[in-house]
Amino acid sequence: MAPGRTGAGAAVRARLALALALASILSGPPAAACPTKCTCSAASVDCHGLGLRAVPRGIPRNAERLDLDRNNITRITKMDFTGLKNLRVLHLEDNQVSVIERGAFQDLKQLERLRLNKNKLQVLPELLFQSTPKLTRLDLSENQIQGIPRKAFRGVTGVKNLQLDNNHISCIEDGAFRALRDLEILTLNNNNISRILVTSFNHMPKIRTLRLHSNHLYCDCHLAWLSDWLRQRRTIGQFTLCMAPVHLRGFSVADVQKKEYVCPGPHSEAPACNANSLSCPSACSCSNNIVDCRGKGLTEIPANLPEGIVEIRLEQNSIKSIPAGAFIQYKKLKRIDISKNQISDIAPDAFQGLKSLTSLVLYGNKITEIPKGLFDGLVSLQLLLLNANKINCLRVNTFQDLQNLNLLSLYDNKLQTISKGLFAPLQSIQTLHLAQNPFVCDCHLKWLADYLQDNPIETSGARCSSPRRLANKRISQIKSKKFRCSGSEDYRNRFSSECFMDLVCPEKCRCEGTIVDCSNQKLSRIPSHLPEYTTDLRLNDNDIAVLEATGIFKKLPNLRKINLSNNRIKEVREGAFDGAAGVQELMLTGNQLETMHGRMFRGLSGLKTLMLRSNLISCVNNDTFAGLSSVRLLSLYDNRITTISPGAFTTLVSLSTINLLSNPFNCNCHMAWLGRWLRKRRIVSGNPRCQKPFFLKEIPIQDVAIQDFTCEGNEENSCQLSPRCPEQCTCVETVVRCSNRGLHTLPKGMPKDVTELYLEGNHLTAVPKELSTFRQLTLIDLSNNSISMLTNHTFSNMSHLSTLILSYNRLRCIPVHAFNGLRSLRVLTLHGNDISSVPEGSFNDLTSLSHLALGINPLHCDCSLRWLSEWIKAGYKEPGIARCSSPESMADRLLLTTPTHRFQCKGPVDINIVAKCNACLSSPCKNNGTCSQDPVEQYRCTCPYSYKGKDCTVPINTCVQNPCQHGGTCHLSESHRDGFSCSCPLGFEGQRCEINPDDCEDNDCENSATCVDGINNYACVCPPNYTGELCDEVIDYCVPEMNLCQHEAKCISLDKGFRCECVPGYSGKLCETDNDDCVAHKCRHGAQCVDAVNGYTCICPQGFSGLFCEHPPPMVLLQTSPCDQYECQNGAQCIVVQQEPTCRCPPGFAGPRCEKLITVNFVGKDSYVELASAKVRPQANISLQVATDKDNGILLYKGDNDPLALELYQGHVRLVYDSLSSPPTTVYSVETVNDGQFHSVELVMLNQTLNLVVDKGAPKSLGKLQKQPAVGINSPLYLGGIPTSTGLSALRQGADRPLGGFHGCIHEVRINNELQDFKALPPQSLGVSPGCKSCTVCRHGLCRSVEKDSVVCECHPGWTGPLCDQEAQDPCLGHSCSHGTCVATGNSYVCKCAEGYEGPLCDQKNDSANACSAFKCHHGQCHISDRGEPYCLCQPGFSGNHCEQENPCLGEIVREAIRRQKDYASCATASKVPIMVCRGGCGSQCCQPIRSKRRKYVFQCTDGSSFVEEVERHLECGCRECS
């Protein structure tokens, strides 16, 4: 037997043994350990918030609770929860789950609670929960579910709480809830439900909570049952509103009368819906059982497609794999097209169960191997296209079930041989394509030549690639004897039937036996396909710079030697040598390696010789050679090693020779260990020598004494490896995330092999130039930065870049060569910038681009942008979002749909648009400055002499700015630091004349006078008794010409002035005041007091006498009035009533002596009255009477922790209580109080309730509050207004909150039945006056204030005159209405005519009254016009003179606010939204929306909150099947 054959047989046996070992491991008992990163406690497993993308493996079988919320899980498979038979609680909320495979919960028999809310589910598979009979709570809210199929909840008969709110549900199939007999809570709010079948809730006897609000309910005859059903159950289904038809929009379903629920035309049963028809993926289109997802950028096979599909088209996407059972549920599928994707991995059972499949198209992918059994069971398959892949092997039984196959294409693959018998099962084959494969025409392919000669079905012209003697010859034309085998060919191909075949010699290489010599070929990377038999691989003298981790050595089990010498290798990636356990010799001599780490040699466990000579290595770390326990020879000769970390060679247990010569070793304290190691180990080393310090130079390291290895100062070990991830970022494999870090530049330490780089949300102003050095990048996210400009060739080195995100920056201009070199780019996002133009040719290199985002840019759509519109239309690379902003004729038009001929140039372009790509065109540099473009600042100005600043607007001639103060003169001077000098006027000094010298430093003021500095002088302020310029003259105030004392007072001179001695009866400093001695007079009996000098005189009334009129006349006691000794206050008059004195109070006052002010009139703008807080208790009764003719104002206000206000609002009384711990509550009076009359208002606070009573009517209550209102404890009570300094700060203000004061009268304010006294009125400026005089003038009418002290009267009917005190006559007395009724209008009247008459006096006969009897309206009602002519008012959907024409299906735009119910608050959009209402006839079909889109709107709620929600807007109406 040949040696080669023996070796191959051993390899096969080794693989079989390995497979058996793996099978035994996999079949063993599962580990009970906790999944990685998760936390396990008892029977609970917590994996929440770990960023997981899939359900982790290894979940303990005894788990009862599993938390997987707040991760990034996208798919739930059938295997994820296998064996978890004890699980009771499962949390999957807040993930990205879009697919749940059927049977995913089949083992969860004990499951009680399942949360799947806040995911991306669009389809709810039928029978998903049939194996969870104990489920009681199921939360599916906040997903994207579109329909509820009939069998969705089969099996969960015990569920009590089902939450389906905040989805996109528009269809609920009949019987969907039939199994839910124990259901108590059902939430369906915030969906798109328009119809609900009458049987939907019949089987829910225990239902106590039902939420249906915020849907699109169409209230026609089919929904009448729901109105009755809700009226019988008033506590559930609250806020359920009609949204159509238009005349019922906004009405509560329960409140609409049954007669209003009508259907147009004949009707019987409600139209049924099909939930499966709604399960079309959002990126695809579905019609006629065909799903079309072509060119949608999909990365995986869409799940939950309509079950009845017969064809799916997935070509031209980015799908990389086909998972197990991807199409198993689509039993009717006949055609699958997944061509032109990136598929490299296909599960063996990907097409399982597709017995009806006739066509399978897989061409244009990256398939290298067909898994065993992939096509098994496809008995109906007729067309199979596998061309344009990378298939290098086909097992002999690959096509064993394809008896009906007609056409098979294997064109353009990597097949070198085909096993005999591969095509034997193909009994119906008619066409076979095998060309463009590198066939090795040896003895193993002889059968194919015979087969093709007998069956001439190969039509593509398959040819031999090797050996050379048969190269390029057609296989079908070569004679059988030409197919011969050499030794290597036999070794290579004999196991081809099981895909153990080997490859031919790589291009540019030479193969001799098992030696593959690829040296000196200028290769930049290791060839991707090498023969399996290779033992010696020679790659020396090439241009390889980086050794990638491609896994190439895993395919070379026989490899023993690798020569990579004399390349340009700078980096060896981790895992580059994985699978090279059999390699014994590795040559890396003569490269450019600078650093080494243990991961770079991973996989070389059998290595014996390692040559690293002549590199740039500077240090050797203690993990550099980890795992190389078999190395015997290590050469580090001729490097730049200065230090070696202790223990660097410890793992080299087999080492016998090490070459460390020609290295600049620094023999400091860190190298002491090496001397000891060399002396201790008997090893050949060549005696490496020290180069530093100087006194140890050229001394062998092993000869240096231990005390001579010293460190001076801070000599750190230089072998500390730099981190592979910047400290501001996080790195996972080759993905680097530096988002929202406030970065201004690219962080240092970026891994060279980074493939995805996220830099969004930083402060970058330009694309970092360093990015061009990272050539492996496939994705760059630079969104939400401040990048304002791109430069040409910015990304030209990034040949692998497929996604570039530049959205939400400040980009103003796109240079024509900005994207040159990006031939692999598929996604370019320029969304949300300031781009107005894109030069033609900018996208010439973007040959792979499939998606371009240009939305939210102010595009200027003239002729220069015509090319872009054509380019977009040609490839549909822009999804129809980008709109034109200018010129005006193109505003708001889509680039995708606007006809090309509309892109025209008319007149000059706005300079602000042109300047975006050349800011200098807008002449930003002033004062003759020179402008030049700048990539960051947009432009830069070079200023002329004497100007500076960004725009050259700051003058350097500082005299222009008048720097000299106080009138100083400026002179330019180069010798001064500031370039100028000042000539100061007298009295000032300093560089800018800013200093006024103190002239008081040397003054002549006398007698302790005060000196006051002036400008170049000073003044003396004299003390008392002194005068003169210098205060040197004495003053005598008592000389006659200076005596100031009055009324003959005596002047007395003092040292510091004078004083006056007053005569009796006078006072004051100068005796200027005549004292009023009547202030405390003793005159009696109403005598008049007359003041005199130092006394007073009493003038007695008639009959009285005495000094104080104390003697009455004779008989006076019999004539004394009771009022004589009774004093009335505030100008009241005393009268005698029943022999008792009584005060007749003026308006506004009350009390026995009119001492209390109980009525005040508020006439000022900011008037108010303040009552002390002590007057109000937490439980209080406040009452008052109000008279006003104003609509709004503040009656009462109390501001503290729980603000309370009693307001006049639109003529009604409004009570507002605004607790800071809960939403504000409001109640309004039914009565109006703005008629000028007095109305009683009462506020009662008791037992956590607030009640409002107006005019003794029915109380209005705010209901039970959370706590007792804390009114009146810490702050005052304001009536009629508030101080301007206070404001309504404590109350949450709204658009309807009146901030103005009250204008009118407030009378009899009582707090806890105690009448309040307003005596302590504010100052008159506040506009509060006693009484309410203006309201008592008009006898039979209402007072209206026209000025501060003036009123006019508005009389009641039947009264007239200025004061409404004259009785008016009835104007209808003696009226002249002939055939009608007289109606009085003030002082006149009008005639209301009877039917058949007209005219001012109803004296003209009208013959048009019966005109409608002969005028027929088919679909409307007849009316008479102002001219007496009949006309038809048509029903919606009809037109014509007689409403006989049915309108075509058209959309009518209605602008109105969209309403939502959020908990107990009513919410509406901030502005009116255009809504399209479809009206018109469609015959047997229905007029319905056929095109719509979703837009985001802001909703504002009555509780003060707001939120943003996507709302579906209809764009086009048409006829379609009724649903």
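Every residue, even glycine, has its Cβ placed from backbone N, Cα and C.
The number of other CB atoms found within 10 A of the CB of CYS518 (disulfide bond), across every protein chain shown, is 23. Taken from Swiss-Prot, the feature disulfide bond covers CYS509-CYS518 (among others), and the record attributes it to similarity to another entry.
Among the features that Swiss-Prot reports, disulfide bond is placed at CYS669-CYS711 (among others). The secondary structure of CYS711 (disulfide bond), as reduced to three states from DSSP, is coil rather than helix or strand. Long-range C-beta contacts of CYS711 (disulfide bond), restricted to its own chain and to partners at least six residues apart, with a cutoff below 8 Å, comprise ASN668, CYS669, HIS670.
If you look up Swiss-Prot, you'll see CYS1000-CYS1011 (among others) marked as disulfide bond. Cβ-based neighbour count (10 Å, all protein chains) for CYS1000 (disulfide bond) stands at 16.
Long-range Cβ proximity for CYS1020 (disulfide bond), meaning a same-chain Cβ under 8 A and a gap of 6 or more residues, is found for ASN1003, CYS1005, GLU1006, ALA1009, THR1010, CYS1011, VAL1012, GLU1029, LEU1030, CYS1031. CYS1020 (disulfide bond) falls within a strand when secondary structure is assigned with DSSP. Positions annotated as disulfide bond by Swiss-Prot: CYS1005-CYS1020 (among others).
DSSP assigns CYS1031 (disulfide bond) to coil in the three-state reduction, placing it in neither a helix nor a strand. Residues or ranges marked as disulfide bond by Swiss-Prot on the basis of similarity to another entry: CYS1022-CYS1031 (among others).
Secondary structure at CYS1060 (disulfide bond), as computed by DSSP, is strand. Within its own chain, CYS1060 (disulfide bond) has LEU1044, CYS1045, GLN1046, ALA1049, LYS1050, CYS1051, ILE1052, LYS1069, LEU1070, CYS1071 as residues 6 or more apart in sequence whose C-beta sits under 8 angstroms from its own. Here Swiss-Prot flags CYS1045-CYS1060 (among others) as disulfide bond, drawing on similarity to another entry.
The Cβ of CYS1123 (disulfide bond) lies under 8 Å from the Cβ of CYS1134, ILE1135, VAL1136, PRO1141, each of which sits 6+ residues away along the same chain. Sequence annotations record features per position, and here Swiss-Prot assigns disulfide bond to CYS1123-CYS1134 (among others).
When secondary structure is read from DSSP and collapsed to three states, CYS1145 (disulfide bond) falls in the coil class. Sequence-distant neighbours of CYS1145 (disulfide bond): residues of the same chain at least 6 apart with a C-beta under 8 Å from its C-beta are CYS1128, ASN1130, ALA1132, GLY1151, CYS1154. Sequence annotations record features per position, and here Swiss-Prot assigns disulfide bond to CYS1145-CYS1154 (among others).
Around the Cβ of CYS1412 (disulfide bond), a 10 Å sphere holds 16 further Cβ atoms from the protein chains shown. Among the features that Swiss-Prot reports, disulfide bond is placed at CYS1412-CYS1422 (among others), with the record citing similarity to another entry.
According to Swiss-Prot, the feature disulfide bond maps to CYS1434-CYS1443 (among others), an assignment based on similarity to another entry. For CYS1434 (disulfide bond), the same-chain residues lying six or more positions away in sequence with a CB closer than 8 A to its CB are CYS1417, HIS1419, GLY1420, GLY1440, CYS1443.
Per Swiss-Prot, the feature disulfide bond maps to CYS1449-CYS1487 (among others). A coil conformation is recorded for CYS1449 (disulfide bond) in the three-state DSSP classification, outside any helix or strand. Other C-beta atoms found within 10 angstroms of the C-beta of CYS1449 (disulfide bond) number 21, with every protein chain shown included.
The 10 Å shell around the Cβ of CYS1519 (disulfide bond) contains 18 further Cβ atoms across the protein chains shown. Look at Swiss-Prot and you will find CYS1482-CYS1519 (among others) tagged as disulfide bond, backed by similarity to another entry.
Under the heading domain 'LRRNT 4', Swiss-Prot lists 716-752.
Per Swiss-Prot, domain 'EGF-like 2' is recorded for 955-994, and the stated evidence type is sequence analysis.
Per Swiss-Prot, N-linked glycosylation site is recorded for ASN72 (among others). Of all Cβ atoms in the protein chains displayed, 13 besides its own lie within 10 Å of the Cβ of ASN72 (N-linked glycosylation site).
Look at Swiss-Prot and you will find ASN192 (among others) tagged as N-linked glycosylation site. A coil conformation is recorded for ASN192 (N-linked glycosylation site) in the three-state DSSP classification, outside any helix or strand. Around ASN192 (N-linked glycosylation site), the same-chain residues six or more apart in sequence whose CB sits under 8 Å from its CB are HIS168, ILE169, SER170, ASN215, HIS216, GLU1512, listed in sequence order.
Candidates ASN72, CYS509, ASN784, CYS1022, CYS1482, CYS1519 (recorded positions) were compared with CYS1449 (disulfide bond); those inside 10 Å Cα-Cα are CYS1482, CYS1519. DSSP places the residues of the domain 'EGF-like 2' (955-994) in helix, strand and coil in these numbers: 4 helix, 10 strand, 26 coil. Looking at the repeat 'LRR 16' (630-651) alone, the prediction's average pLDDT is 91. Neighbours of CYS1022 (disulfide bond), defined as other CB atoms within 10 A of its CB across all chains, total 20. Cβ neighbours of ASN792 (N-linked glycosylation site) (same chain, under 8 Å, six or more residues apart in sequence): PRO815, VAL816, HIS817, ALA818, ASN820. For ASN928 (N-linked glycosylation site), other Cβ atoms within 10 Å of its Cβ number 9. Neighbour density for CYS1011 (disulfide bond): within 10 A of its CB lie 18 other CB atoms from the protein chains shown. Within 10 Å of the C-beta of CYS1482 (disulfide bond) we count 18 further C-beta atoms, all protein chains included. Residue counts for the repeat 'LRR 16' (630-651) by DSSP state, with H, G and I taken as helix and E and B as strand, are 0 helix, 5 strand, 17 coil. Proximity note: of the listed recorded positions (ASN72, ASN563, CYS1000, CYS1412, CYS1422), none has a CA within 10 Å of the CA of CYS1519 (disulfide bond). The two recorded residues, CYS1487 (disulfide bond) and CYS1422 (disulfide bond), have Cα atoms 27 Å apart. Taking CYS518, CYS1022, ASN1025, CYS1412 as the recorded positions under consideration, the smallest Cα distance to ASN928 (N-linked glycosylation site) is found for CYS1022.
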